[in-house]
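Student: I'd like to ask you about the structure that follows.
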């Protein structure tokens, strides 16, 4: 039997230099590679953070800590977050992104709190106000925030500021937040602030530092209105019937009424309301009387000033949106309406108006003065005639 021939070929003895690894080893190698990517990303993140911290230290030293605004560290954080955490190639999990983001914010806010310190000549470290604020004459603090601010940073600065103000013996804290800063309302409330009042462009919150009952002044407690007694030289009074409100459809003729606007004088409010509702031009004469009631408008009290006005025009042009009818009516006829007679407040006002028409009553005339503290224009209403 023939012996097989052996072929000495180079390929017959060839062995690969790097044989393929077993499946388990390949999986372990991929895991190590992913972990390395995560570690490199975190190292890069902390390296960038250290650079940012150094920059912030320089900014604080140069600007004494007052030019450091929330927009700086918010922009910095967002930039780093986009470069690292949002990268699909780094394969960083959502959990890692969250932890890294929170850690960066915490360390940044802590470093800011540490940097906002000043050292006195004797080596004692004193905290400086962390939030821009001014002081009032009643040991109060008025916080002024002009730029957008991160909620976490705001809370840290607020806590440090209140601690400092407590050491200074401050009492009430007023926090005015514009519509653009409403994100700070919730963290402020969590720190103990409560609502004081709101306007179309801002909300005001307050806080009381001492461990005593607060003595902060309450929000405005009264709404102010005017009722205008306009009588012509024929002894007729200007009256209207309203399209809406409690007098709608009652057939009752009443004096023109309205609300005094913020910053508006009582006299000018009476003139304006008569002009708006009836088109009649008038001249203010006196305040005849005023009435106070409570729980009138959103639980607020109400002050109604009855004013006497002299007409300078007679042609009525009623306000179609609010007024059903308007006319000149004899004063006695107005006063004898069943509704007027059956309600003591309206009846008393009608009697005062008739007495004034007959020159048997003297009302309160306005005297232009100025306030003692700020020299602002003000009116003093009295029966005294200054000669």
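Each Cβ is built from the backbone N, Cα and C atoms, and glycine gets one as well.
Automatic, uncurated: that is what TrEMBL annotation is.
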Student: In TrEMBL, one of 15-32, 33-50, 51-68 is tagged transmembrane segment. Which stretch would that be?
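Tutor: From TrEMBL, the annotated transmembrane segment range turns out to be 51-68.
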Student: Of the ranges 1-30, 91-120, which one does TrEMBL list as region 'Disordered'?
Tutor: 1-30
